[in-house]
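Taken from TrEMBL as is:
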type: ACT_SITE; residues: Asn46; note: active site
type: ACT_SITE; residues: Asp235; note: active site
type: DOMAIN; residues: 30-148; note: domain 'HotDog ACOT-type'
type: DOMAIN; residues: 204-318; note: domain 'HotDog ACOT-type'
Amino acid sequence: MGARGIGKEVKGGTETWWVYVVDRLLAPNITSFLIHCRIMRPDDANIAGNVHGGTILKMIEEAGAIISTRHCNSQSGEHCVAALARVERTDFLSPMCIGEVAHVSAEITYTSKHSVEVQVNVLSENILTGAKRVTNRATLWYVPLSLKNVDKVLEVPPIQYAWKELEEDGKKRYEEQKLERLVTKQRNGDIIFPVFNPEPYTVGYSQSSLIHLVGPSDCTLHGFVHGGVTMKLMDEVAGIVAARHCKTNIVTASVDAINFHEKIKKGCVITISGRMTFTSNKSMEIEVFVDADPFVDEPKERYRAVSAFFTYVSLSKEGKPVPVPQLVVETEDEKRRFEDGKGRYLQTKAKRQVQMQPLTQQ
């Protein structure tokens, strides 16, 4: 891997980013790889000093948005901005702490006619010792929207693949996520209602909501909300649900696929709602919805914009995982959601065991 040119310091608000454009041997197009980094501050973390999962998700999305927008404008034609459509499962492999530097690298790995797949890796660096460790890996999908007409999806310039198998594997991932997005949208009719005088450890006891007015600082050049802003708010609500349930320090362990069903416009009021769906011995799954009320300028009805499942773990004061109080399910819908969550948990557990097999055989 070799860098073309030197880092460029970019200042925005109170943040300073070092952005590097890197030319990889496997991706000759200079728009196909990017690295940025930032030191973690106290306002990025919880009371225990662990960086919020939403902060990491926001940085991941910013890197994806930069590289995909740059690539989609790499050829002459109508200018566009890449809009986030989906984030595949994201695992939080290791907590990041205040004072560490986050290195976020993004690479375009597949392009279809109207979408871009971006792979993002996050490393944490202890700047006192120089030690680095991988904290996150994520896959994001973007679509290019015309600056002149936000409803117009433009074509994506193709990338060059080092091997034919890379293109074939990418096409398979594209078809799988396309199908999954359709299935998720079909089950998005649920609404979270308030529960009065709920019993401890029930779904109603910990469920939470946050209401946010979408302002200019939340939005892209189109006037629609950044995907990273939405994910940060979703993680905040999910974290409140998890903390209410177990009354301990909690950290984000993983995020199941986040699907962006519809755009959210500046001036909308969004309601981010979260509820517990499943608990294992040491983890909690929280379902999070984002609903938008576009009551400014447009007489459109409230609609479901984003949905996802977040998984949290409970930690002791020493930062060690501790058992989670078991969720008490009361209604048939809660029992169904619990069984669905259990299925996702067992499926993820089985995948991890398969991934660990080659390591144990060495």
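Glycine too: its Cβ is placed from the backbone N, Cα and C atoms.
Within the model, the domain 'HotDog ACOT-type' (30-148) shows a mean pLDDT value of 93, rounded to a whole number. Residue environment of Asn46 (active site) contains 16 other Cβ atoms, counted within 10 Å of its Cβ in all protein chains.
For the domain 'HotDog ACOT-type' (30-148), DSSP puts the residue distribution at 26 helix, 58 strand, 35 coil. Between Asp235 (active site) and Asn46 (active site), the C-alpha separation comes to 12 Å. Other Cβ atoms within 10 Å of the Cβ of Asp235 (active site) number 26 in total over all chains.
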